Amino acid sequence: MNKYPLLSLINSPDDLRLLSKDKLPQLCQELRSYLLESVSQSSGHLASGLGTVELTVALHYVFKTPFDQLLWDVGHQAYPHKILTGRRDKMSTIRQKGGLHPFPWREESEFDVLSVGHSSTSISAGLGIAIAAQKENLGRKTICVIGDGAITAGMAFEALNHAGSVHTDMLVILNDNEMSISENVGALNNHLARLLSGSIYSTLRESGKKILSGLPPIKEFVKKTEEHVKGFVSPVGTLFEQLGFNYIGPIDGHNIHELISTLKNMQSLSGPQFLHIKTKKGKGYAPAEKDPIGFHGVPKFDHKLGELPKSSTTPTYSQIFGSWLCEIAVQDEKLIGITPAMREGSGMVEFSQQFPQQYFDVAIAEQHAVTFAAGLAIAGYKPVVAIYSTFLQRAYDQLIHDVAIQNLPVLFAIDRAGIVGADGQTHQGAFDLSFMRCIPNLVIMTPSNENECRQMLYTGYKCGKPAAVRYPRGNAIGVKLEPLAELPLGKSKLIRQGKNIAILNFGTLLSEATKVAEDLDATVVDMRFVKPLDTQRIQEIAQTHSLIVTLEENAIQGGAGSAVAETLYQQQQKVSLLQLGLPDNFIPQGTQKEMLAELKLNAEGIFEQIKQFLQKI
């Protein structure tokens, strides 16, 4: 820590608040350098945190955290917060098994008020916390930091609308890192922000409201004049004013002294406050400033070279999906690809560039994405919604009400199904089979490799009804890709004929199942479909084997194994059943390999679980 003389002194925000203001620019420089060095050695989210260094320092300098409650939305930008709140020396463990959590996490620190991972939750939770503090007359402040992407979600605006109507004391900070700040405009904004957040303006504003409340024409004139002055710099402010907030900004989010002055002024204001700051994602590190998307989440890399390591030559399942999408779009101009702000992650970059008229990024709006797709299907188009398993949870009602009930031909390409690795509890794709399996009209497919994935996507595209294909994060296994052809709905595939024991596989654990089967001389069936289920195959297997093992990378409760159990019960089959899958707890971070081993879903673990079960029967 010799390179970081000031940062090495900061073990909590109390230490930070002992520094004089003239030391803060140096601290910000050290914090940014330390963040870059630590993340490059451990992997993690980089660009967002580089852009919030000054904001983080200013917030902990002005507010008395943890008494004052600071909430970070999503959490990608909270690495500097972790460093300043006693976790500096553990940053090398972030996102690793047993290490620091990738996002703010209540169990990890008293400074983490809200556990996060999904976007747009901070204002709703913050309002609840603020109202509780107001009811108990605690005198504590509530501050929510939300990004320009997360604030586009409907939930954020629902919360803003509520907060403005109840007029509770809280501060919402919009971290807008869409573009760099113009120096001239920034200076004007900073000056205006000091005026608008100052006590004189605040007193005049509140007094004026009372005095002019009985004089509508004059009141309206004053209001419009005020908004015109603000709108000269930021027309967006009018929107938040209409929602009931006192809007300040935009100001330079990298000017530590201006941030502190504005925050100190706003600290004394009553009612809902809204501060709009402009930051640059990747600030202070040229490669990240140039490519903020590429440096959003990074593997281990040499930060001195500024180059990210090249990925494997084997395509990911996301890339397999993207290639399939392009292949079909050439033939069918009515194919429409939809993503809720996950173009890169879902493998849709090439598709968006080659077929811009058939591509829609609806922003962080999963509910809208699904019902938008329903509308396209009603109009005769063929929508494909590319969505992570964990984010499909946010559109469950739309999946049922707007797609399935109307039996509309919408295809769901469900990425990151199963264990996702380093992002932990909030991002595991553990529940999609369970929450989809009970929905009528929905076809659900689980590919075992990339060729099966392509065929299932094509089958879902052609079947004329709601369909879902769920596939994992990471690289495919390198099998040969065959010409596209529709699969017969609800029909499984025999992989290996054995005796006594049969493994019914759902998904990409098939390679592990076949390894186990060699040692046990077991039958292996790639079930392919969770719905409709191949009940005929299950009946045949039950009549010729003494033990059926179901294998899936989904919660055991309500998953594919449960579907098999229900079928065996309905058929009144006398056969033992072992259901293997994800346990009834939220699964923490770790690599996919580490977590599958811990959950005993690799070949060794599957073999062990079967042998232990055999000893009981």
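Heads up, the Cβ atoms here are built off N, Cα and C, so glycines get one too.
Per Swiss-Prot, these features apply:
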type: BINDING; residues: His76, Gly117, His118, Ser119, Gly149, Ala150, Asn177, Tyr285, Glu366; note: thiamine diphosphate binding site
type: BINDING; residues: Asp148, Asn177; note: Mg(2+) binding site
His118 (thiamine diphosphate binding site) - helix vs strand vs coil (DSSP): coil
Residue from His76, His118, Asn177, Glu366 whose C-alpha is spatially nearest that of Asp148 (Mg(2+) binding site), among the binding-site residues: Asn177
Binding-site residues listed as Asp148, Glu366, least Cβ neighbours within 10 Å: Asp148
Least surrounded among the binding-site residues, given as His76, His118, when other CB atoms within 10 Å are counted: His118
DSSP three-state assignment (helix, strand or coil) for Asp148 (Mg(2+) binding site): coil
Conformational class of His76 (thiamine diphosphate binding site) under the three-state DSSP mapping: helix
Same-chain residues at least 6 apart in sequence whose Cβ lies under 8 Å from Asn177 (thiamine diphosphate binding site): Ser48, Gly51, Gly147, Asp148, Gly253, Lys278, Thr279, Lys280, Lys281, Pro292
Those residues of the chain, 6+ apart, with a Cβ under 8 Å from that of Gly149 (thiamine diphosphate binding site): Ser119, Ala341, Ala363, Ile364
